[in-house]
Amino acid sequence: MSNDGRRLHLRSDIVGSSLQGEGRGKKHQCPHCGKRFNRPSSMKIHVNTHTGAKPYHCPFPGCGREFNVNSNMRRHWRNHS
């Protein structure tokens, strides 16, 4: 099978539609863009991208970096050591 651009485009359309959660039991919907999530915690993290909220602060003294996702903050913090 060849891997032409057309096939890849169609494939990305299929993946994109499944991520929207249409008919997949994703009952938590973003009030800003309508994207749906399985977990309320996932939606809360996503909403931070719309609001600009950065509730996670690097605990390293004097750093001051803030993040909208806790795992991003933890990854950053490891770079201090």
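Placed from the backbone N, Cα and C atoms, the Cβ positions cover glycine too.
Given the structure is predicted, the values throughout are model-derived calculations rather than measurements.
Residues annotated as compositional bias 'Basic and acidic residues' in TrEMBL: 1-12.
Within the chain, the compositional bias 'Basic residues' (25-37) has long-range Cβ neighbours (under 8 A, six or more residues past its boundaries) at 43, 46-47, 50. The compositional bias 'Basic residues' annotation in TrEMBL covers 25-37.
Taken from TrEMBL, the feature domain 'C2H2-type' covers 28-55 (among others).
Taken from TrEMBL, the feature domain 'C2H2-type' applies to 56-81 (among others). In terms of DSSP helix, strand and coil, the domain 'C2H2-type' (56-81) has 9 helix, 4 strand, 13 coil.
Residues annotated as region 'Disordered' in TrEMBL: 1-37.
Across the domain 'C2H2-type' (28-55), DSSP assigns 12 helix, 4 strand, 12 coil. Tertiary proximity for the domain 'C2H2-type' (56-81) is limited to same-chain residues at least six positions away from its ends with a CB under 8 Å from its CB atoms, namely 45, 48-49.
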